[in-house]
Amino acid sequence: MKNLAERSAGSLYWWLLATLFLPIAIPGLVLKLLTMMKEQRNARHLNGKVVLITGASSGLGEALAHSFFLAGCKVVLAARRKDELERVRKDLLELHATVPTHPPIILPLDLSDLNSIGGKVQSVLEIHGAIDILVNNGGISVRGDALSTAIDVDIRIMLVNYFGSVALTKACLPSMMARKEGRIVSISSVQGKFAIPHRSAYSASKHAMQAFCDSLRAEVAKDNIKVTLISPGYINTALSLNALTGTGASYGKMDAATAGGASPQDTASSILKAIARDEKDVMLAPIAPRAAYWLRHLAPSVYFWIMKKRAEKLNST
């Protein structure tokens, strides 16, 4: 009798547990299934799309080129260094020789030369007839406190990271609007969500891109154009090596945080998933940057104190 009572009590326990949690679990599972189905459908939809990627000669841009190429896209590789673009193009064709896809084309592009951008976009349209996805990935960083950073460096950072990407976006939009289809993907940074010491110009450029994308997203929704903003944390690329100092010289060093960052390949994979899910604003970062973001909004005094201590440490080195 005792064993029977225990079994009955156990059965009742699991029945109550199922009664309480199934109404919660089932909708969650259904939502996850629908999300996966949408992701797979949109991933298939990438096949044959024309994708223009800036900063495609190295780092995240190069990784994105591989990911889009493998998805069957017509990849347009854009950057200043034509020789590096040739290398990336060769790698795509050799490493993925068995993939039935489209040969990538090269577009030498200097984002700081605003007057040339319209013609560059037109040349792509003449070849492919459309630009389905623009990936604003090209950019530069800076290492230096605000006062010691020459105003020419501030201008250069904003010119490349913000005005160049904005000009390219505006050049691509008319053809997208005419077709009632397109997507703008802008690679920002967690530093576009919150600023840190010795990155004033870089953070400002990324904050500006955040605001531009938020405004643009609302304005072009009527034309079925999607805007996705990606805010990664540190990625293991040459960003710090290629960064400028406050005087405009080459920084030329690999930061420890950058060296320990996420792999470009993993980040590129996450970006394609975000596109497939039709996400609008995505933070790809570990817990510390996410905590800093929420701290900035929920406990700003604490955030400011932490940043002050960080600045003191940087100023003493």
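Including glycine, each Cβ sits where the backbone N, Cα and C put it.
Positions annotated as NAD(+) binding site by Swiss-Prot, on the basis of similarity to another entry: 52-76. Look at L64 (NAD(+) binding site): DSSP puts it in a helix.
Secondary structure at S189 (substrate binding site), as computed by DSSP, is coil. The substrate binding site annotation in Swiss-Prot covers S189.
Sequence annotations record features per position, and here Swiss-Prot assigns topological domain 'Cytoplasmic' to 1-10.
Regional average pLDDT for the topological domain 'Peroxisomal' (32-317) in the model is 93. What Swiss-Prot records for 32-317 is topological domain 'Peroxisomal', and it gives sequence analysis as the kind of evidence.
Residues or ranges marked as transmembrane segment by Swiss-Prot on the basis of sequence analysis: 11-31.
In this structure, the C-alpha atom of L52 (NAD(+) binding site) lies 20 angstrom from that of S189 (substrate binding site). All protein chains considered, the CB of V76 (NAD(+) binding site) has 28 other CB atoms within 10 Å. Reduced to three states, the DSSP call for A56 (NAD(+) binding site) is coil. Annotated pair A56 (NAD(+) binding site) and S189 (substrate binding site), C-alpha to C-alpha distance, rounded: 17 Å.
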